[in-house]
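Take a look at the structure below.
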Amino acid sequence: MVATNQTSLQPASFLLLGMAGLEDLHTWLSIPFCLMYVATLLGNFVLLFVIVTERSLHEPMYLFLAMLAVADLILSSSTVPKALSIFWSLSKEISFHACLTQMFFTHFSFIVESTVLLAMAFDRYVAICNPLRYATVFTHPVIAKIGVAAIARSFCVMFPTIFLLQRLLYCGHSIMPHTYCEHMGIARLACTDISVNIWYGFATTLLCPGLDVVLIGVSYSLILRAVFRLSSKDAQVKAVGTCSSHACVILMFYTPAFFSFFTLRFGHNIPHHVHILLANLYVLIPPMLNPIVYSVKNKLIREKVSQILFRTGKSFSITSIFTN
């Protein structure tokens, strides 16, 4: 009988309201959301295609960049399609298990991306501070192990949250003022004690992206110390240039994420739709801008992308001529 009652208190589905308080603007909000998502798909797929097909890009830095592109695609594709379906009034309902799946992949891909950014920071540290050891440290087997470690770490962190949410009783509460499912958003609908969820979420934030940011900061402080010790001004500029794109990506990734995290926990006077907007920024902006930043900042990637676009345009022109 208890089991039956608990099952009945666990909702079959949730109703996502989107930007609660801004319902009249849903159609207009869908335009930038849709454009950014299309740009994300196009940019990251082109970047992946270039890295996979060009043997000259099968180097550690570019392989890490390919991992980053895959994580970006998962992060944005886990959330944006559902948000668009809410904005366009196609479907606001999501089943309980689908909600948990969306929550898992959203946070999972975020932690994977954070881990890859940490690995990229270490890659830059070895390349600048210990260049003679770079080829022996970052071999292809080592990079593969780093990729597996990023996946394993993310899985181990996020898998328990599924059971932490399933054990809760929701007492019929099923309306969620959000565009996608996230851990604490689901937990707050429960009518039982969620202190374990709160502390687990806080601990994982500190020990995963929080720890990653600290270690990235240490890496870059050591890099800057090594750069300023270089006697040649040109060598200093070149060394800083190799890190500039990575530094831009780090700022774009962590700034909206941590801003969203801290305003959600401490910004009690901030309107709820602002919280939701901030939560959407870190799943929209970094995945869209990462391939653009690396294409602009990295000469080799820029040249390879230009070559592929030129070939595609040329092939399209020839096909059009023969067709006409």
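Using the three backbone atoms N, Cα and C, a Cβ is placed for every residue, glycine included.
For 43-294, the entry in TrEMBL reads domain 'G-protein coupled receptors family 1 profile'. Per TrEMBL, the feature transmembrane segment maps to 25-50, 62-84, 104-122, 142-165, 198-227, 239-262, 274-294.
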Same-chain residues near the transmembrane segment (239-262), Cβ under 8 Å, at least 6 residues beyond its ends: 68, 110, 113-114, 117, 120-121, 124, 127-128, 205, 209, 213, 216, 220, 223, 226-227, 230, 275, 278-279, 281-282, 285-286, 289-290, 293-294, 296-298
For the transmembrane segment (62-84), distant same-chain residues with Cβ under 8 A (at least six beyond the ends): 16, 18, 30, 33-34, 36-37, 40-41, 44-45, 47-48, 51-52, 90, 94, 102, 105-106, 108-110, 112-113, 116-117, 119-120, 123, 140, 143, 146-147, 150, 179-180, 249, 280, 283-284, 286-288, 290-291, 294, 301
Whether the transmembrane segment (198-227) meets the transmembrane segment (104-122): three or more C-beta pairs under 8 angstroms: yes
Beyond the flanks of the transmembrane segment (104-122) by 6 or more, those residues with Cβ under 8 Å of it: 61, 64-65, 67-68, 71-72, 74-75, 78-79, 146-147, 149-151, 153-155, 157-159, 161-162, 180-183, 208-209, 212, 215-216, 219-220, 246, 249-250, 253-254, 257, 282-283, 286
Outside the transmembrane segment (142-165), six or more residues from its ends: residues with CB under 8 Å to it: 60, 63-64, 67, 100, 103-104, 107-109, 111-112, 115-116, 119, 183, 186-187, 196-197, 200-201, 204, 208
